[in-house]
Amino acid sequence: MSISFDLTIDDTRDQLARHARASLEAKPSLIGMSREEMAAALIAAGVPERQVKMRISQLWHWLYVRGVSDFADMRNISKDLRAMLAQHFTIARPEVVEEQISQDGTRKWLFRFPPRGAGRPVEIESVYIPEEGRGTLCISSQVGCTLTCSFCHTGTQKLVRNLTSEEILAQLLTARDRLGDFPDKDTPDGAMVPAEGRKITNIVMMGMGEPLYNFEEVKKALLIASDGDGLSLSKRRITLSTSGVVPEIYRTGDEIGVMLAISLHAVRDELRDILVPINKKYPLAELIKACREYPGLSNAKRITFEYVMLKDINDSLDDAKLLVKLLQGIPAKINLIPFNPWPGTNYQCSDWEQIEKFADYVNAAGYASPIRTPRGRDILAACGQLKSESERLRKSERLALEAMMIAGHGE
């Protein structure tokens, strides 16, 4: 049995018009700014330059260690300065439209972000996957996707826009709010707090969109998430998943340095061209070369290769042999993901016996190849089926959302 909380009311045309007007008057958010950007913003707002370094340190602590979302809660900052900050900036959380809790503990949030410029409000989902000893948050980087992977439900939704670094981080901050994962902070009304201990230990960029097609905003968000003076997530607990944007894979290794996951799904170019069409631009030889050259690879820092199991498509023993040959010499883990059907798809999940044979061969060749147990199916939060309908705001009703989320995630 799953639990669902509808946390908003239906939008009307008048409400949408108010959203549009508000977007033109929106104050910039301090969340998602680099220290350099925050310094420039504070100086422009009137903070004396000699105080800026100290003020950034204070703000960073309140935003990312204490998790406050109201300047009034920043108790070691003067009342006058708090008023000035509130006049010029915002640190508000996005609207939580809906929260769903699966019978297996998986949680899914539908977040609404305000419009950018003349655009409409957009909605995206984040999924929290609890496991023994860790909790993983699956984060989106775009609204929609451009990649049109044939087996993926998200690929049937056109790209609406990129998310900003603020919106990427807001998913993490709001999830921590609702899980009671900030110290000495009251949880929001209606939040259902799980057992004690740090709730979010890992994040994976495996939600909606291709993170490397939004490189600069994703980079900024992940560097803030891994900053030791704030959210302080180890880069070994942050995994970025890509379908194979080869030039940005090199940049990811050089400029971000987080764990890498590759949505592989096929070991022959002619098949991968169909399943993952970006392969036509960056074929397997180029992709695997970039993986081999990813900085710092070792048995402790492996690349995760994601492989969805499609019946009679990519699940033969010959495919397993080619997979082992393709990855030879790369420190790697191979996540085998049973396909989750969605309305309109022509693909089927491989038989369980065939998945196990495939896994046994890959394991015998020396590669860890766990078969991912689907999580959150009862709340539409399982592998490869995330799809927001936020680009189709109904005329007088709130947005409907149908979504599933990749459950394979990093260590």
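Cβ coordinates come from backbone N, Cα and C, glycine included.
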Inset, instruction - Figure out which of Ser232, Ser234, Ser241 sits with Gly209, Glu210, Ser263, Leu264, His265, Asn340 in the S-adenosyl-L-methionine site per Swiss-Prot. - result: Ser241
Inset, instruction - List, in sequence order, those recorded positions among Glu125, Cys138, Cys145 whose Cα sits within 10 Å of the Cα of Gly209 (S-adenosyl-L-methionine binding site). - result: Cys145
Inset, instruction - Kindly assign Glu210 (S-adenosyl-L-methionine binding site) to one of the three DSSP-derived states: helix, strand or coil. - result: coil
Legend entry - Cα separation, Cys138 (disulfide bond) to Ser241 (S-adenosyl-L-methionine binding site) (Å, whole number): 11
Inset, instruction - Reduce the DSSP letter at Asn340 (S-adenosyl-L-methionine binding site) to three states and note it down. - result: coil
Inset, instruction - Tell me the Cβ neighbour count for Ser263 (S-adenosyl-L-methionine binding site), meaning other Cβ atoms within 10 Å of its Cβ, over all protein chains shown. - result: 25
Inset, instruction - Average the pLDDT scores across the domain 'Radical SAM core' (131-380) and report the rounded value. - result: 90
